[in-house]
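Participant: Sharing a structure, written as structure tokens. Questions coming.
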């Protein structure tokens, strides 16, 4: 693997490391500017080690890298960003054009490494300033390959450095605000309102089913509801109805509310003391104060009973039949 490929891999790893180590753009990390300055000086020093460095056959256009602090202060933030992006983009085009004129050589390898550094700088600046199309700035034509390396150094020491040190903190804060912004209370309420109220819908469905149930009264409704219970489902038993007496409660003794659906052994306890009259929206009947049960309706709704009464239940008042003890 050539030295150029190794440098490109190192640049990619550095970019990924700077991106993952902090939530801010890579240009906001001061280590990036220091690294680019150090590498540009080192790369330029290696140019003297290449034999037969000749001028380019075709001059390349390079950006004007002269810097004036007074002129810099009079420019707007947008004009500064466009000026720097245009200069770095033009420098990258000049380096690629110069390398395209050369055969594989020491100078060509150095120009490849230089293009990698310029690409890294351009990507970092675009992450901070955006990818807006920069205007065409002032250019100068050069045939000396050394001018390519010097242009990068002057850009880093001048416009890029002042941008990152003076304008950079405010730009970095502005770029990181969208990723750390907390949604407002209004958006949270709107998001919560999108979810259906499943609890209220379930209660409404249950109330409507009970309200449409026709039968002699609350006792038949409860009996019909009990008749629909699957044996063994509530108490995790696997026997049939004939084999398991008292299958609803799963025990052979009166139970509390923890071992069955209904507590007690007599249907007299199934009176509705906890049911508030008028709790059901439609079809609710007034309770008979003497028996605790609603009167028999004169007409069944729709001509049928949704939960028919079970013929296997004992009559009210009769004690449960316990199996003989062997």
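Each residue, glycine too, has its Cβ placed from N, Cα and C.
Owing to the predicted nature of the structure, the values given are computational and were not obtained by experimental measurement.
Below, the features straight out of Swiss-Prot:
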- 308-326: compositional bias 'Pro residues' (COMPBIAS)
- 28-172: disulfide bond (DISULFID)
- 50-106: disulfide bond (DISULFID)
- 197: N-linked glycosylation site (CARBOHYD)
- 206: N-linked glycosylation site (CARBOHYD)
- 235: N-linked glycosylation site (CARBOHYD)
- 249: N-linked glycosylation site (CARBOHYD)
- 256: N-linked glycosylation site (CARBOHYD)
- 307-326: region 'Disordered' (REGION)
- 1-21: signal peptide (SIGNAL)
Participant: Using a Cβ cut-off under 8 Å and a sequence separation of 6 or more, which residues in the same chain sit near residue 106 (disulfide bond)?
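Facilitator: Correct list: 49, 50, 51.
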Participant: Determine the most Cβ-crowded residue among the disulfide-bonded residues 50, 172, using a 10 Å radius around each Cβ and all protein chains in the structure.
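Facilitator: Going through 50, 172 one by one, the largest Cβ count within 10 Å is at 172.
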Participant: Could you tally the C-beta atoms, other than its own, that fall within 10 angstroms of the C-beta of residue 28 (disulfide bond)?
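Facilitator: A 10 Å sphere around the Cβ of residue 28 (disulfide bond) contains 21 other Cβ atoms.
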Participant: Could you tell me which three-state DSSP class residue 106 (disulfide bond) falls into?
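Facilitator: Assignment for residue 106 (disulfide bond) reads helix.
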